[in-house]
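Asks: Below are the features I grabbed from Swiss-Prot:
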type     : residues : note
TOPO_DOM : 1-24     : topological domain 'Lumenal'
TRANSMEM : 25-45    : transmembrane segment
TRANSMEM : 49-69    : transmembrane segment
TOPO_DOM : 70-110   : topological domain 'Lumenal'
TRANSMEM : 111-131  : transmembrane segment
TOPO_DOM : 132-148  : topological domain 'Cytoplasmic'
TRANSMEM : 149-169  : transmembrane segment
TOPO_DOM : 170-181  : topological domain 'Lumenal'
TRANSMEM : 182-202  : transmembrane segment
TOPO_DOM : 203-218  : topological domain 'Cytoplasmic'
TRANSMEM : 219-239  : transmembrane segment
TOPO_DOM : 240-319  : topological domain 'Lumenal'
TRANSMEM : 320-340  : transmembrane segment
TOPO_DOM : 341-372  : topological domain 'Cytoplasmic'
TRANSMEM : 373-393  : transmembrane segment
TOPO_DOM : 394-413  : topological domain 'Lumenal'
TRANSMEM : 414-434  : transmembrane segment
TOPO_DOM : 435-443  : topological domain 'Cytoplasmic'
TOPO_DOM : 465-469  : topological domain 'Lumenal'
TRANSMEM : 470-490  : transmembrane segment
TOPO_DOM : 491-509  : topological domain 'Cytoplasmic'
TRANSMEM : 510-530  : transmembrane segment
TRANSMEM : 533-553  : transmembrane segment
TOPO_DOM : 554-574  : topological domain 'Cytoplasmic'
């Protein structure tokens, strides 16, 4: 296993195999971590009020914002580092250079770029936290330990950024198993720390001073959240560093320090006295990073803009309700869609570092199959989600939430999930194949979409008083615009590969399934409506199984082809 992890995947078959296997690892990791956080939230939700969930969601938003702006552009850009040559040299013979030293220089290039997130994140975290601290509700500032909680959140950001060089290397080598394992351990540790502190205070067994009032308990609940985040970051760094000491340092594959890289021009490669230069950052990757960073700024404003809006236009209680919706409503998105989206992005970025026709056509084939899967699953969500979601959610939340509108709002949120998911894979494809100029053009459109999103949110929340439902509708409009933009790009890209053939032509055979889904939906609403008891829920499960059976029969050839390919791949491994 260690040997496999130390090899850079080079052929399209190797990259596809690691990516499909990696998607499974990420899904299992997501399933485990979300199961742990799911259990924790269900335990904590009976101790904590919506107000506390609102402020912890706000603190998590600050942490997520700093980490996103610090590292995501680098994570995307380093995937485009070519592993097919590029004139990186050493003084050893050519064979040894190709096998060992070249790989070392490629990984060192990635490590050098991994320093940039820390340089961005350190000042950004201080500035953003200082700015947001002045805007926090005065009630929370007066809570015990609140300033300590803010400091611990900042410290967790810094510690997590220190693990970035190790993450970048494992990402570039498509070592999904290590990453999934380390993140699972870190999340579990953070959740355990969080729960132990809250539970101990509630039981008053290990009080910090004299904990008698609700204010004291709320202050410690926020402190527990911050301690959990810090424990998560420290554990993640420790796991990655242990992996480095075990698998990388003995082989001297790269240095954790910023290191100059020697290169020579390709046209000088065959001469006896090659002209060599040195650099810290590969120029084409650095230029791509700048353009991607600009684009991601607007993408994050749109992706996380709902939190900005809800912090400005909604009460703390409504913020807590929306945080609960995000946790439960998007559970499927984070467990299934997010790992697939990330695996697709990594797969495409590595595959298309060499733009040959075979790789380009393979990328389209993978995207078409994923899109078909997403459309089927989205149909299931739209047909059965609104009717069943509130029935399932009421068993997971405590009495403190029974007087809120969360059971009604979750039904609206179900319509948002398909748009969120489809946009994820479309933008993953766009970011992987687009040139720097195309990404820059996309950034300008994202700027316009940001303005439309803010305007829609203001109209629907502030003027029409739709509260959280208005925010969800604004998000749906936002996703539709982004899907349309990437859809036009995909269609043009498809026509260049397959002359006079539309990308959307691959989805013309959905008529039967859509009619069946619509019929089931109408019957379900006519005879049952919103599910209120177990008997009605069982009927919906039977309806869902019938629709799923129809989908499986319709796609039986594709499924059989995939199984055959996996069997051939496994036989080669043996």
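Every residue number used here counts from 1 along the chain in the order it is shown.
Using N, Cα and C of the backbone, Cβ positions are placed for all residues, glycine too.
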Asks: So, taking each listed stretch (149-169, 373-393, 470-490) in turn and counting its Cβ pairs to the transmembrane segment (533-553) that are under 8 angstroms, which one gives the highest count?
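Replies: Answer, by Cβ pair count: 373-393.
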Asks: Find the member of 111-131, 149-169, 219-239, 373-393, 470-490 that has more C-beta pairs under 8 Å to the transmembrane segment (414-434) than any other listed stretch.
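Replies: Stretch with maximum Cβ contacts: 470-490.
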Asks: In the same chain, who gets a Cβ under 8 Å from the transmembrane segment (149-169) while lying at least 6 residues past its ends?
Replies: 59, 62-63, 66-67, 70-71, 74-75, 78, 107, 110-111, 113-115, 117-118, 121-122, 125-126, 129, 133, 179, 222-223, 225-227, 229-230, 232-234, 236-237, 240-241, 243-244, 248, 254, 256
Asks: Do the transmembrane segment (49-69) and the transmembrane segment (219-239) come together with 3 or more C-beta pairs under 8 Å, pairs six or more apart in sequence?
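Replies: These two segments touch.
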Asks: Can you tell me which parts of the same chain pack against the topological domain 'Lumenal' (465-469), counting only residues 6+ beyond its ends and a CB-CB cutoff under 8 A?
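Replies: That would be 310, 314, 318, 321-322, 325, 405, 409, 412.
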Asks: Six or more residues beyond either end and a Cβ under 8 Å away: which residues meet both conditions relative to the transmembrane segment (470-490)?
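Replies: Same-chain residues near the transmembrane segment (470-490) but 6 or more away: 302, 305-306, 309-310, 314, 322, 367, 409, 412-413, 415-416, 419-420, 422-423, 426-427, 429-430, 434, 438, 442, 445-446, 449, 452-453, 456-457, 459-461, 464, 503-504.
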Asks: Grab the same-chain neighbours of the topological domain 'Cytoplasmic' (491-509) for me: Cβ-Cβ under 8 Å, and only residues 6 or more beyond its ends, written as numbers and ranges.
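Replies: 357, 360-361, 364, 368, 371-372, 375, 433, 554.
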Asks: Near the topological domain 'Cytoplasmic' (435-443), which same-chain residues lie under 8 Å Cβ to Cβ, leaving out any that are not at least 6 residues past its ends?
Replies: 287-288, 291-292, 294-295, 297-298, 485, 489
Asks: Which residue counts does DSSP yield for the topological domain 'Lumenal' (170-181) in the helix, strand and coil classes, in that order?
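Replies: So the topological domain 'Lumenal' (170-181) is made up of 9 helix, 0 strand, 3 coil.
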